[in-house]
Amino acid sequence: MKRIFSGVQPTGNLHLGNYLGAIRNWVQLQKDYESIFCVVDMHAITVWQDPAELTRTTREVTAAYIAAGIDPEACIIFHQSAVPGHAQLAWVFNCVARMGWLNRMTQFKEKAGKHKENASVGLFAYPDLMAADILLYKATHVPVGEDQKQHLELTRDIAQKFNNDFGREVFPITEPLILGTATRVMSLRDGSKKMSKSETSDFSRINLRDDADLIAQKIRKAKTDPEPLPSEIAGLENRPEAANLVGIFAALSDSTREAVLAEHGGQPFSAFKQSLTDLSVEVLGPMNAEMNRLLANPDEIDAILKRGAERAQAIAGPILDEVYETVGFLRP
Ligand code: AQP
């Protein structure tokens, strides 16, 4: 059996990068894998979250999953804090992983920045919780972007060490699913930075809840350069903002950058931006409408999350029992 686990943090406005880099690919994967998609609220609080906002964004991420085409009947959709096994297994893994392993994690260094001493312990131990998310379901595969590869390696190391320490093959060694279709989307204000929920400038990203007018404004204001669009890929070199817009166009039209340039090369950015706006509104419009419908009915979202948590618990419970028994915890 092939089982995937993946998640998004409810840390702010979901954006085009979350959609093209993650959620859209899951819609395809659900056909071939038993799929568990989580709203990872416990990861979110590794940095400060306003409580009311956290509740709102937990529902928003859930709505985005469904509006993008993830089927809550075929897949399990739930929020992490609703299944206690995530925290329980993470504690066991805190005792399996070594300080040296976590010290090497580049994402902690990036997120903690210069204020390492002030970062939460949770932010440091984040990869142990991620390993618990995956292994609590014995997921065989995890769709990962470039930025999460190192954390999945750590998950594999933890699984291996646990199995070795206790002399039992409790956990699978989870394989990464590197998706050719995943697109890394960069900020509309700076082509060298990734589009991000926590970036202060709202004009750096297209949020999945932006309406057509706002999408048009943001694309119109997106940073570009004075040259027209090239006709070949080589012409995008050292032009990160142009490359980003072409990459977004290709992803939204299920095409290639080559094909986009063959069609639009030579155009001034004003014309290309108009085509990109039309395409973005065409693809994101229906999703935006369905998200708004769901968010106006929070009870519907909460019922989906509750049912998902029950189904997740049914898988996680026996696996946690097996872990506890392996470790030697006396069972009541
Ligand atoms: N710009 C991006 N391009 C492609 N994929 C992206 N992802 C995020 N940003 C881009 C993918 O979305 C998934 C969920 O990400 P996450 O919520 O776990 O956190 P993140 O990667 O840290 O995303 P953000 O938007 O940048 O959030 P903040 O600002 O809170 O850190 C992941 O699969 C990720 O690769």
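Backbone N, Cα and C atoms are what each Cβ position is placed from, and that goes for glycine too.
From a predicted model like this one, the values you see are computed outputs, not experimental measurements.
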(request) Identify the motif ''HIGH' region' range according to TrEMBL, selecting from 10-18, 55-63, 217-225, 262-270. (result) 10-18
(request) Quick one: sort out which of 159-163, 194-198, 209-213 is the motif ''KMSKS' region' according to TrEMBL. (result) 194-198
(request) Determine the binding-site residues, out of Q9, D133, E146, lying near ligand 1 in the sense that the CB is under 6 Å from one of its atoms, and give them in sequence order. (result) Q9
(message) So if I measure Cβ to Cβ from E146 (ATP binding site) and keep only same-chain residues at least 6 apart in sequence, which ones fall under 8 Å?
(response) R184
(message) Let me spell it out: take the motif ''HIGH' region' (10-18), skip the flanking residues so only those 6+ beyond its ends count, and list any with a Cβ under 8 Å from a Cβ in it.
(response) 39-41, 44, 47, 49, 54, 57-58, 60-61, 64, 79, 184-185, 194-198, 202, 205-209, 248, 280, 284
(message) On the 0 to 100 pLDDT scale, where does the motif ''HIGH' region' (10-18) sit on average?
(response) 93
(message) Treating G and I as helix alongside H, and B as strand alongside E, what does DSSP give for the motif ''HIGH' region' (10-18) in helix, strand and coil?
(response) 3 helix, 1 strand, 5 coil
(message) Among the binding-site residues Q9, T11, which residue has the fewest other Cβ atoms within 10 Å of its own Cβ?
(response) T11
